[in-house]
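These notes concern the structure reproduced below.
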Amino acid sequence: MSGKTHSVAVLGGGAWGTALACAARRAGSDVRLWARNPDVAAGISGGSNPTRLPGVTLSSGIDASTELDAVLPGADCVLLAVPAQAVRGIMENAAPLLSDGVAVAICAKGVERGTLKLMTDVVAETAPAARIGVLSGPTFAGEVARGLPTAVVIAAPDEEAAKTIQSAVGSGSFRAYLSDDTVGAEVGGAVKNVVALAAGIATGRGLGENARAALVSRGLAEMIRLAVTLGGRAETVMGLAGAGDLILTAMSETSRNTSFGMALGSGRSARETLAARKAVTEGYWSAQAVAALAERHGVDMPIAQAVNAILSEKLDIDSAIGALLDRPVSAEFRM
Ligand SMILES: NC(=O)c1ccc[n+]([C@@H]2O[C@H](COP(=O)([O-])OP(=O)(O)OC[C@H]3O[C@@H](n4cnc5c(N)ncnc54)[C@H](O)[C@@H]3O)[C@@H](O)[C@H]2O)c1
Ligand SMILES: O=P(O)(O)OC[C@H](O)CO
């Protein structure tokens with residue numbers, strides 16, 4: 001890692017943006033953060049984000065603002081941590097304020113609805129001069145904010161950009177591994193949320209731990225098939241940004257995706273479950289796009305399709321489970 005002090009701009013005052021700001025402060029970076037809500041910005045500057053990270057004392061020295069032009073100019077590394085469906089709008093406003101050659105790390109996990117684009121494509125379209133990377137992996141924000149040991153992958157085609165992001169956020173407790181496979185990292189992060197919804201639904205329905213492990217394993221096979229079809233590598237999906245994140249997410253009620261699925265499985269509606277929570281549940285917003293991407297590319301993804309059918313109310317949960325169990329049993333590994 002270089003000895004340079006990085007100037008980091010974090011976009012997003014939610015759980016993940018706030019936690020990443022803490023990680024970057026621990027890495028020795030100067031950190032400014034943009035949040036759209038003035039109370040949230042004031043709280044973060046004062047050392048807390050009580051709605052998203054209750055009980056956590058944030059690293060000192062995070063300078064938060066609701067003005068993009070107070071945060072972005074001069075930054076050599078941007079951490080993009082708003083929900084995936086907000087990335088295009090934020091980047092359209094941010095692009096004119098970015099420094100030449102800035103490294104932009106996409107920290108959101110999702111696929112754009114409507115266009116079916118991965119976040120790297122959305123950022124490339126909105127900020128063509130940026131050097132784009134993906135920061136992903138098994139990372140519950142509360143643990144990162146507290147400084148508990150965590151490992152992520154930073155994937156970027158430009159190795160220098162990956163190293164900039166690595167040294168801007170990485171530290172002894174936040175181990176940032178490098179990769180050049182953005183597609184594998186992005187598909188892993190986005191699709192694991194949909195698989196976690198499936199695992200939660202099965203758990204909420206009382207199908208047992210064997211069923212959950214089966215969904216996680218077969219869901220991982222779907223993640224690999226989609227990533228490889230889109231140009232990514234299976235090994236990336238088998239690493240931190242895929243299997244690692246899926247294990248964390250699908251096995252824990254801390255996950256918003258898994259707990260959302262559990263609520264559905266136990267009979268609550270998607271609408272009332274969404275209305276009862278403030279934080280984003282990315283699998284809900286990306287399931288349709290993931291299913292449509294699979295269909296467009298002819299990738300067999302029955303679990304993602306089942307989740308989409310449930311969320312779009314084309315199938316009830318028991319019929320969706322029945323349909324999965326009725327599928328012919330084929331070779332375990334196939335593309
Ligand atoms: N929380 C985690 O543990 C975690 C870990 C890794 C990755 N992520 C990813 O990071 C992204 C953000 O998640 P989060 O946990 O911070 O969510 P969050 O719900 O805690 O916060 C989202 C923030 O974005 C803001 N926001 C929402 N819509 C917006 C818009 N249109 N324009 C501007 N701001 C908007 C909200 O006000 C909020 O401050 C997601 O893609 C998530 O999958 C989260
Ligand atoms: O709480 P979730 O389900 O949004 O998961 C958060 C992170 O993506 C875990 O790596």
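Note: Cβ is positioned from N, Cα and C throughout, glycine not excepted.
Because the structure is a prediction, the values reported are computed rather than measured.
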Hey, TrEMBL has NADPH bound by Trp16, Arg36, Lys109, Arg256, Val280, Glu282. Any idea which of Ala70, Ala75, Ala141 it lists too?
Ala141
Just to be sure I read the record right: Lys109, Gly137, Thr139, Asp245, Ser255, Arg256, Asn257 are listed as binding sn-glycerol 3-phosphate in TrEMBL. Which of Lys4, Lys192, Lys314 is listed for the same site?
Lys192
Tell me which recorded positions (Gly13, Ala141, Lys192, Asp245, Ser255, Asn257) have a Cβ under 6 A from ligand 1; sequence order is fine.
Gly13, Ala141
Quick check for you: of the binding-site residues Arg36, Asp245, Val280, Glu282, which have their Cα within 10 Å of the Cα of Arg256 (NAD(+) binding site)?
Val280, Glu282
Filtered binding-site residues, from Gly12, Thr139, Asp245, Ser255, whose Cβ is under 6 Å from an atom of ligand 2:
Thr139, Asp245, Ser255
Close recorded positions near Val280 (NADPH binding site), where close means Cα within 10 Å, chosen from Gly12, Gly13, Ala141, Lys192:
none
Whole-number answer please: how many Å between the C-alpha atoms of Arg36 (NADPH binding site) and Gly137 (sn-glycerol 3-phosphate binding site)?
26
